[in-house]
Amino acid sequence: MEKIDWRHRAACRDEDPELFFPVTEIGPGAQQTARAKAVCARCPVRAQCLEYALDAGLDYGVFGGATEGERRDLVRQRRNRGQPKAA
């Protein structure tokens, strides 16, 4: 089985990809981020998506229910605890 097969089960697979790449996190961008996170919240492969984004070092967009800033915080927390970047 291919390692990326989880994407075929993702809740976002039929959504407009632009939903997950808001230009800003304030104003209309905050609403867009909230909508993207709502899709992620019901996703059966949310954890795999987040780990993929962390492993790949993705700098933009909402992945696994986390914004780029939230992912940076996760990476920093893991680094401070001496954990690997992703499982």
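Each residue, glycine too, has its Cβ placed from N, Cα and C.
As recorded in TrEMBL:
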type: BINDING; residues: Cys12, Cys40, Cys43, Cys49; note: [4Fe-4S] cluster binding site
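Recorded features from TrEMBL, shown on the structure.
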{"residue": "Cys12", "record": "[4Fe-4S] cluster binding site", "DSSP class": "helix"}
{"residue": "Cys40", "record": "[4Fe-4S] cluster binding site", "DSSP class": "helix"}
{"residue": "Cys49", "record": "[4Fe-4S] cluster binding site", "DSSP class": "helix"}
For Cys12 ([4Fe-4S] cluster binding site), the number of neighbouring Cβ atoms whose distance to its own Cβ is within 10 Å equals 20
Remaining residues near the recorded [4Fe-4S] cluster site, that is with C-beta within 8 Å of the centroid of the site residues Cys12, Cys40, Cys43, Cys49: Ala10, Ala11, Val39, Val45, Arg46, Phe63, Gly64, Gly65
